């Protein structure tokens, strides 16, 4: 289930604009308990029903764990009844209990129509399986659906009013990612999903033929589903399709997690990775996720400074703009554009790409180092470099773009990097001091809405990384 540690070098940051990324487990926010999209069920009844269902399907829960809303960071979670040691099994989910296109009641149909259901996201078969099972009164997964959050109250930014999304998340990269998601979801629904449901109207009631419900289920799959990793010898294959893993998606996330999902032929097992004290919550990981990714895909952010995987982006075009600002005449501008075009042809930069800066390192080190080098090198050196297309060129020394080594960079590199950071900071609606004032005043912070608090954590974490870069390049 772990996410890739680094983003693609040239990425549009949208999980639905390309083949399906690694989905993770669920983001948890305090929401009323539903029984799927059609009704409500008291919490104790829902948990009891789910536990009875676990027994029926052979999902084995350790007696040391408890499914509960009490003692969790948000919503449902899993808590240790007794102390747990590393390596202990927390629960085991038989593959027959997984909800996927291969296990649902219309699996044969989905397999026959597989060619017609292909999409950029790769999620359509699972989403159709969910749409069918949700409407079925006797669905084998009904007790599992009872633990889902209320679909109409998901907190992903795609459900925020556009004005609120822009106001709270401007500069973070989230509004742009959401807009791409919404365009792709709408296209996928009307071109593939709705025609399929209408062609099989006996299997899909009018109540589930809804773009809004489809959008909600996309958010659910984005947040709750898992994707089994390929074996090393299968690296050239297409990624595995996402699937729903009951019990595993109950666990909440923190960067310093204490459990991990393991895959085997018959079972998926959640195993403790570090000691868990009695009464403490059991946490899985969604991978190395920056706060902007967490809020985009799951609807929450980790409070500063807890997310050690947090990052800030410097748009590649911002570096180009900063370099252009340093030119003095048209000749210099044309020469700089020539260098940029060279970098584009080398696939090191792109119009929608970003340089990703972590707390301790530059995650896109090769791309940023080469870009700074090419844009700052003397004209004659660039001509030689271009003729060789970079072949045989000595690479930047290992670790030269570790955050602590940035002061050692050439002055021209530091100046360009600093100017790029300043341009990036201008894209936010507020400055760092405004965020610090909100965070330091507990009374004021407590009065903020959930969305305002989460967005503040995203903005603040990014700005702290960017301001540290300013200090190191001064």
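In case you wondered, yes, glycine gets a Cβ from its N, Cα and C as well.
The annotation phosphoserine is assigned in Swiss-Prot to 14 on the grounds of similarity to another entry.
Swiss-Prot lists 63-287 with the feature domain 'SET'.
According to DSSP, residue 64 (N6-methylated lysine) is assigned to coil rather than to any helix or strand. Summarising the annotation, Swiss-Prot assigns N6-methylated lysine to 64 (among others) and lists similarity to another entry as the type of evidence.
Cβ neighbours within 10 Å of residue 74 (S-adenosyl-L-methionine binding site), excluding its own Cβ and spanning all shown chains: 16. According to its DSSP assignment, residue 74 (S-adenosyl-L-methionine binding site) is coil. Among the features that Swiss-Prot reports, S-adenosyl-L-methionine binding site is placed at 74, 75, 76, 224, 252, 253, 298, with the record citing similarity to another entry.
There are 18 other Cβ atoms within 10 Å of the Cβ belonging to residue 227 (substrate binding site). Secondary structure from DSSP puts residue 227 (substrate binding site) in coil. Annotated substrate binding site per Swiss-Prot: 123, 225, 227, in sequence order.
A helical conformation is recorded for residue 180 (N6-methylated lysine) in the three-state DSSP classification. In this view, residue 180 (N6-methylated lysine) is surrounded by 17 other Cβ atoms within 10 Å of its Cβ, with every protein chain counted. Under the heading N6-methylated lysine, Swiss-Prot lists 180 (among others), citing similarity to another entry as support.
Taken from Swiss-Prot, the feature N6-methylated lysine applies to 373 (among others), supported by similarity to another entry. The DSSP secondary structure for residue 373 (N6-methylated lysine) is helix.
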Where does residue 123 (substrate binding site) sit in DSSP terms: helix, strand, or coil?
coil
Ranking the binding-site residues 225, 252 by other Cβ atoms within 10 Å, which is at the bottom?
252
Which three-state DSSP class does residue 253 (S-adenosyl-L-methionine binding site) fall into?
strand
Between any two of 123, 225, 227, the residues recorded as binding substrate, what is the biggest Cα to Cα distance in Å?
11
Is it possible to get the count of other C-beta atoms within 10 angstroms of the C-beta of residue 298 (S-adenosyl-L-methionine binding site)?
26
